[in-house]
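According to TrEMBL, the protein has these features:
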type	residues	note
COMPBIAS	322-334	compositional bias 'Low complexity'
DOMAIN	40-259	domain 'Membrane insertase YidC/Oxa/ALB C-terminal'
REGION	279-389	region 'Disordered'
TRANSMEM	38-60	transmembrane segment
TRANSMEM	176-195	transmembrane segment
TRANSMEM	220-245	transmembrane segment
Amino acid sequence: MGDFFNTLLRPIELLVAWIMYGFHQAFTSIGLDPASGLAWGLSIIGLVIVMRAAMIPLFVKQINASRKMQMIQPELQKIQKKYKGKSDPESRQAMTQETMALYRKEGTNPFSSCLPILVQSPFFFGLFRVLNGLEKISTGDNEPIGPITQQVAGQAESATLFGAQLSDTFLSADNTATYIVTVILIILMSATTFTTQRQLMTKNMPASALDNPFAKQQKLIMYVMPVVFAVSGINFPIGVLLYWFTTNLWSMVQQFYVIRKMPAPGSAAEKALHERLAKRGKPIPGEAERKAAEAAEAEAAAERTRQRVQPKGKKRAKKKGPAGAATDKPVQGPTAPPGDAPTTGDQPTPADRAPGLDKAPRPAKAAGTAKSARTGKSARPGKAAQTEK
């Protein structure tokens with residue numbers, strides 16, 4: 001297993017050695033002492049710059065993956081609630097399939113955000129092996145690593161930064177300077193990591209994404225990483241701690257730039273960006289598309305409302321009265337006989353009427369008309385004669 005690990009890391013060690021040696025030669029060419037800690041410390045910082053610059057595309061992919069993971073958290077929670085309390089294999093398999101289908105639909109997965117860390121890890125261990133082997137290379141016990149010959153290794157091994165050798169560790173230190181430099185670097189590493197995670201959670205997460213497992217995981221990392229640095233930092237050489245702090249500082253600055261220029265939708269950083277653009281009179285990114293989408297949605301809602309309205313029924317045809325005048329209401333019931341129709345002008349009093357006039361039977365035609373109005377049929381002659389009789 002050890003031989004396999006050595007074979008796997010050997011190309012990484014050579015690449016790290018050549019990058020450091022190239023920067024070291026550049027700094028010594030401008031007058032720095034080849035054996036000074038400043039020259040070798042700047043070479044380590046140069047290694048970080050080269051590595052992180054090459055990883056910018058991966059970092060952009062990581063940001064996009066993290067944002068998508070934040071945005072799909074409500075959907076993931078729905079899937080989890082759907083299968084909550086179901087422990088049978090069929091339900092667990094169905095939940096896994098729905099989760100993976102959601103990941104494929106959105107083009108993300110939980111491991112996309114870990115890609116930069118996975119890429120950096122071999123270079124981190126490669127640098128550790130180079131710095132850790134300087135002493136044996138300088139004494140001739142180990143073979144040179146590319147350009148790091150016995151002479152170059154002797155210069156790097158004896159180089160000091162603030163009185164502490166770059167190859168010393170906290171546990172193997174024999175002077176106070178090494179303890180102090182190690183503790184300061186561990187504190188700086190922890191502070192930069194904490195700041196990076198905090199600005200990610202407080203500024204670049206929408207309010208809807210703060211109460212989900214992903215946000216809780218980020219919050220846990222924010223408080224756990226300082227402890228990890230403190231425990232592991234005492235085992236690494238100062239040169240490796242310098243590399244670690246520099247890459248954390250790069251991550252913090254890079255994160256600050258991304259949050260300021262490309263904030264996550266719905267986050268406090270996006271609101272601040274819109275306010276800055278509004279003050280400068282510049283267009284807000286995506287504002288036109290958002291308004292167009294809102295207008296389309298409003299039009300669709302109006303169309304749905306129109307479709308729900310039922311058509312009104314047609315008005316009934318107007319019927320003609322006896323005099324040919326149109327009436328809005330149909331005739332209901334029998335028509336009043338001529339004797340009962342209201343009249344105008346002076347009317348005779350009951351005393352002026354002829355005796356027995358009020359008790360006179362109605363004409364047969366009127367009776368027939370009344371009945372025909374009720375039945376809808378004309379009165380038969382026999383019936384009318386019987387009435388007259």
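A Cβ is built for glycine as well, from the same backbone N, Cα and C atoms used for every other residue.
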Non-local residues, at least 6 beyond the ends, that sit with Cβ under 8 Å of the transmembrane segment (176-195): 160-165, 168-170, 222-223, 225-226, 229-230, 233-234, 238, 241-242, 244-245, 248-249, 251-252
Stretch-averaged pLDDT - the domain 'Membrane insertase YidC/Oxa/ALB C-terminal' (40-259): 84
